[in-house]
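A.B. asks: Taken from TrEMBL, the feature transmembrane segment applies to A:12-36, A:42-69, A:109-132, A:138-159, A:166-183, A:203-220, A:255-281, A:325-344, A:356-382, A:413-429, A:471-491. Annotated domain 'DUF112' per TrEMBL: A:20-440, in sequence order.
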């Protein structure tokens, strides 16, 4: 019954007018940041940190948390409408979401993303309140070996979500891994493949590459002669704004499964939340009766990853609230916000700062409610945005992307690099390579390499750690099984093809 | 409610101040006549950033101009420091340097695009963060003496965590290892958070880290601290002995943070900035907030630009034999 | 009859593919040469164009074969970066170019895509060739890049092979106007944002990018561009608080 008392206390804190206002501001700014391509959550939270100086600590953190999960809501909007994922977690949403938009179903896609996120957010908030403390053990059970195996599993997911050739998908992942290695080596500090360009010293930014291969490449492709026809078609086809009854029935199980997966993976510091969205997508694709629909506008392909990433965004607060250890860069900034206010988060923060912890948990639920109230009516406006003639739309997207990328590090070179990746992305499209596995390889690459090297350092070069540690062994076994499931049908198909040809 | 009023008053004051500055720029030729940019070479919310913010928010009142903090992250802080070294030396671009950017980087990066002594004018030391020797809670040694014996005997087996090449935790652990004359395996993590997570989970054996990150974990008993590498004990951890008391007097390390201006900034500007820093450090609220972080506030004799110049010189000399080039 | 026609068609096609690959084989060298021209005008540091030209030419023509013979003879002299580039990157691609001449390409999309990807992988292998490898049980800085570089070479060779063995789509059409002007807009933005500020840069980049489409109506674009610029000038610096120069530097001071 302790939990109810705590939650009641939390709601009392969160429902005070000033905190409600902070929550609303956070949700609004978060949505805005998520919708604007290129502007990352990290950059915004960093920029807004000084403002929180003048606010009471609880209000400040409620606002920052609102920006964080609000951006997860907003991020799906650009992914669906213009195929530009602003965060690693919305790469997967772009695959089927943008296809739906092209079929005139942007409204249902956006609505289902909001509904899924809301549901997942509610469940995950309850989970934090009820199981936060025991779940912390999971975060501590994951050592370098387990993380490496998890990343391998993540990369296999990336293969599964490709809709074309498996060989090409694997090649794209490896290309992404190579790109992720540009920059300083974590262990020795040596500069790798950076050609003495200072801006490359810390590697290629996710936003830079994502804006390039998704955003700019899509624009350039749409400007190709002959592409006008398709575009006009999209604009005429827009049908209902809200999902149909069938959409809702189809999406319910994916939302439930996505929420569960996301909640579990979100707890893992460093990379768990990133994997959540495509783990959910892969699961749906494998469970679907007709996996071919995926990548061609399946509503499940939007519902599942969106629920998963929002659930993960919420549960990723668990390590912060119970251990005092920030699991990702945004959380690290929140720790900064707490330290500025003289609260140093640690394992005892739940006992010492009940106002802060329970107020924040309660505000997450309120924030999710606000977000769905803000976002559902916005669907109509976003969809209307698609009716803007493309000749005006595309230069605007270019400018928004350029400003967004520039603002991440205030580095003009990043903008040029994004342009170069736009050309790379154009080339990829022309040769039927998919950009999503590339981006996922790039995001997971550093995590995989670092943890592999850490695990081998700790085991003194003994590779068997990956199999002797039970969690790691299970993860590797799942990866292997999944790879077999994916590659075998493809091989069989190839062989059949070869046989039919030789008969001719 | 009070906070809102304070905010409003602050905003009004700022508006009036900027209006005045706008109306009479030619009359008020005294520095500063516009906002100052303070580059912080690390992410917002880190120890260097928090110290800079606390001190500059008070300095802004003294100087009558806003001080905007710009966080420029990358390459262990050297990206930002390079930018600051090349900035105009008009006193409107300053940087918070620390032990890494203005000392350890010299031996660590032979191709460094700046030199801490040649490219900067020292302004003032802001605050130092003491470094602790920490270990997982079930690590066998009970005190520092046992720790030294254990680590020396098991140098092949123990794992030291650090937060990446060039980080305070890496650099200070290298110093410890060179004093003990051992070369244990150093396991790199991507920042202090993940390193602390691994220490709490018991995946690594020990690490050296700044006091800010460690205090709550030590108090909760999730990790243990052997010693603090400063001459005096710290009020936030009164039970942790100093390295001198515990028998390793040579291990003295502090992540100092200091303000620098690009080379050639006029002495008058340096003097007024230095005075503003000293005034901030003497302010009771600033003092209280810095002490809450476990920081060490420099003694009056260490607050002059000359003292900072000496500190930088000594620190470069201290780290050069300890650290190997990264490439 | 039909077969001979088809054959001659692929033959002409293969020559152009082979010539394309030959060019691809020296892209890094050409790029460094173009880059080095900038040093004449004092942009950036580095070697002058003449040095670049001579060092690469000697490496390609003489240095690399000599290094190959030397390696065969058991010599272990450290090769220069140009020679390594020729050995690791240029020669394999040139070899592929020659092989292409004698192959029937059944899917140009896969074949050309695979070979270009292979070029990227080989380039990555060269770029990481100066990094340290394994040190005892621990990975060096270069271990992982080389591992994945090698893997990508194998995978892209597989893709290229698919293009030779199975039928598939040919090369798609590339247009030039869209990419050119969109890129020009982006590059202009990058170069101008610091000196000219957000207002001028955003508007100018908008107009440059808009040139990329033949549907653009100038008056309409200028009006929308101006509104967008105004919106950005309010949104980014004020609402989101991103520090950004607003107006040209020479006007402010």
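Each Cβ is built from the backbone N, Cα and C atoms, and glycine gets one as well.
Keep in mind that TrEMBL annotations are predicted by a computer and have not been checked by a curator.
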A.B. asks: Residues sitting near the transmembrane segment (A:471-491): Cβ under 8 Å, six or more positions beyond its termini, same chain?
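C.D. replies: For the transmembrane segment (A:471-491), the sequence-distant neighbours (Cβ-Cβ under 8 Å, at least 6 residues beyond its ends) are 141-142, 145-146, 148-150, 152-153, 156-157, 159-160, 165-166, 282, 286, 465.
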A.B. asks: In the same chain, who gets a Cβ under 8 Å from the transmembrane segment (A:109-132) while lying at least 6 residues past its ends?
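C.D. replies: Long-range Cβ neighbours of the transmembrane segment (A:109-132): 3, 6-7, 10, 69, 72-73, 76-77, 80-81, 93, 96-97, 100-101, 241-243, 247-248, 251, 254-255, 258-259, 262-263, 266, 299, 302-304, 306-315, 317-318, 321-322, 358, 361, 364-365, 367-369, 371-372, 375-376, 379, 382-383.
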A.B. asks: Taking pairs 6 or more apart in sequence, does the count of Cβ pairs under 8 Å between the transmembrane segment (A:138-159) and the transmembrane segment (A:42-69) hit 3 or more?
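C.D. replies: By the criterion, they do not touch.
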A.B. asks: Residues sitting near the transmembrane segment (A:255-281): Cβ under 8 Å, six or more positions beyond its termini, same chain?
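C.D. replies: Distant Cβ neighbours of the transmembrane segment (A:255-281) are 88-93, 95, 115-116, 119-120, 123-124, 127, 135-136, 138-139, 142, 147, 150-151, 153-154, 157-158, 161, 287, 294, 301, 303-316, 318-319, 325-328, 440, 443-444, 447.
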A.B. asks: Kindly say whether the transmembrane segment (A:356-382) and the transmembrane segment (A:12-36) touch, using the definition of 3 or more Cβ pairs under 8 Å where each pair is 6 or more positions apart.
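C.D. replies: With 3 or more qualifying Cβ pairs, these stretches touch.
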A.B. asks: Please give the average pLDDT for the domain 'DUF112' (A:20-440) in this predicted model.
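C.D. replies: Per the prediction, mean pLDDT sits at 84 for the domain 'DUF112' (A:20-440).
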A.B. asks: Would you call the transmembrane segment (A:42-69) and the transmembrane segment (A:325-344) in contact, using three or more Cβ pairs under 8 Å, pairs 6 or more apart in sequence?
C.D. replies: yes
A.B. asks: Check the transmembrane segment (A:166-183) against each of A:12-36, A:203-220, A:325-344, A:413-429 and return whichever range has the most CB pairs under 8 Å.
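C.D. replies: Ranked by Cβ pairs under 8 Å, first place goes to A:203-220.
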A.B. asks: Do we see three or more Cβ pairs under 8 Å linking the transmembrane segment (A:413-429) and the transmembrane segment (A:203-220), pairs being at least 6 apart in sequence?
C.D. replies: yes
